[in-house]
Amino acid sequence: MPEETKGPEQTDTRLTFPLLSVTLLVSFGSSMLYGYNLAVVNSPAEYIKAFYNATWSQRYGHGLAPGPLTLLYALTVSIFALGGLVGSLLVGVLVERYGRNGALSRSALLVLLAGGFMGFSRELGSPEMVIIGRSITGLHSGICLSVVPLYLGEIAPKNLRGFLGLMPSIFICLGVFSAQVLGLPELLGKDRFWPLFLSMVVVPASLQLLLLHCFPESPRYLLIERNDVCGATKALHRFLGTPDVQDVIEEMKEEQRSLSSMEMASVWQLLRDRSVRWQTLSVAVVNAGMQLSGIDAIWFYTNAIFENAGIPASQIPYTTMGTGAIEVVAGLIGCFTIERVGRRPLIITGFCAMGVCSAGITISLLLQAALPWMRYVSVACVVGIIAGFCMGPAGVPFLMTAELFTQSHRPAAYIVGGSLNWLCNFTVGFIFPFLQMTAGAFCYLVFCGVCLLVALYVYLVIPETKNKTFMEISHIFATRRSVLSVPAHLIGMMKLDGYGTLESSSLEGSGSSLP
């Protein structure tokens, strides 16, 4: 087969202060809030339920029965995901109109509004304000959970894309850990403090709102979508810290030329486009699997899970905080190893570990009556699920969504992945309490099956994307399609690599040419 002309080679780029600073800022001001809001409703659950019950009694002269009260609290928990679903559907419009940086800056205003609703809810005797505030924080997270990795994926050089792309997942874990620490009885885990506890989200959002305008817009957005070569060049100078950015500009122009006859794809066009069907299916499977893995059940209902496992009530807040610390450590391990081991090993190992530990929870709960020490096995399995998630599945799916698509399809891909992510998040958050009541210990086997199936899919279908440009990754999938169209008697004559695509020495090396 004839060889394609080699594109401009890019040397490894060092991590600059502006690149690290903007990564930390958007991770702290946006991604961290997602983790915080996942876990913040855990420790004050009984206080919020008591507030709902007392308000209902004042309004209607009688309290709520246990079933409706559980339903109302489950709505409070899961409405966050419904808001996230709406936010994910707005991503394409926002990033096209305002850019990546502009969309993040404007979305921070939503957090200030939500903090006001939740912070004054008890003073005004309004459970509805808690639910509205939760939905608005979900709307913000739905936008940012897609825009942050999109922004970082476009400003990061390819040798740092994995490291910077997983930084938000560390801050998601830090957000969960922060909620667990602040939820201790010695801090904000008291009845009179829960409105303040819920509204603490305004602090990181305010910092991002003040500082994010100091950093440039995504160079890829400026050049490919706005045709602003001068603006893109200035942004690259700032982010990369070098005056020589011509190779990067040429790589962007190559992608712009390949997309010159194409408009930005809509979601419907993405779903119908056969040229990216494997990428679209992969994003759908990994994003849905990430939420159906059971991690949201662990985060939303940690205290209830430990209570069912027989952990003494006085020890539960501290046990929960310990799991949060392990999340942060696991996230750091994933962040600092992703460029060494690659994306696939991390995500496959993470899902396998979560599947095994989910089965372990079922076994330990079933044997707990006969063997009281099995409660500690349950705790260890919860820790294993959290550690496995934070090392890979927490951040890699969002990074992979940026890597598997070119500029024209990327926003629509984030809408598809984000929508499935939030829809599954809502499903787990809303159904899990009832699933736990009906299926008992066996409910965790559902999560086990999902995790193992996703790991198998990633192993069989998704290629490694480490140190490859967006165009090279696109060529890998194009090669996969060409292999599928080759007659069967010829396939046996071809040497294939481990991902079902034609092996290419150039891809295994510099990744700059394809057969």
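Even glycines carry a Cβ here, placed using N, Cα and C.
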Seminar exercise, completed: The residue range that TrEMBL labels transmembrane segment, out of 15-36, 279-300, is 15-36
Seminar exercise, completed: Relative to the transmembrane segment (107-125), the stretch among 131-151, 346-367, 412-435, 441-462 with the most Cβ pairs under 8 Å is 131-151
Exercise. Which sequence positions outside the transmembrane segment (194-215), separated from its termini by at least 6 residues, show Cβ-Cβ distances below 8 Å to it?
Worked result: 18, 21-22, 25-26, 28-30, 32-33, 36-37, 40-41, 44, 47-48, 51, 101, 104-105, 108-109, 111-112, 114-116, 118-123, 130, 133, 137, 140, 182-183, 188, 238
For this session: With Cβ distances under 8 Å as the criterion, find the stretch in 71-95, 163-182, 346-367, 373-400, 441-462 that has the most pairs with the transmembrane segment (131-151).
Result: 71-95
Exercise. Mind checking which residues reach the transmembrane segment (373-400)? Cβ under 8 Å, same chain, six or more beyond either end.
Worked result: 145-146, 148-149, 153, 161-162, 165-170, 172-173, 282-283, 286-287, 289-290, 293-295, 298, 302, 305-306, 309-311, 319, 322-323, 326-331, 333-335, 338, 343, 346-354, 356-358, 360-361, 363-365, 367, 417, 421, 462, 465
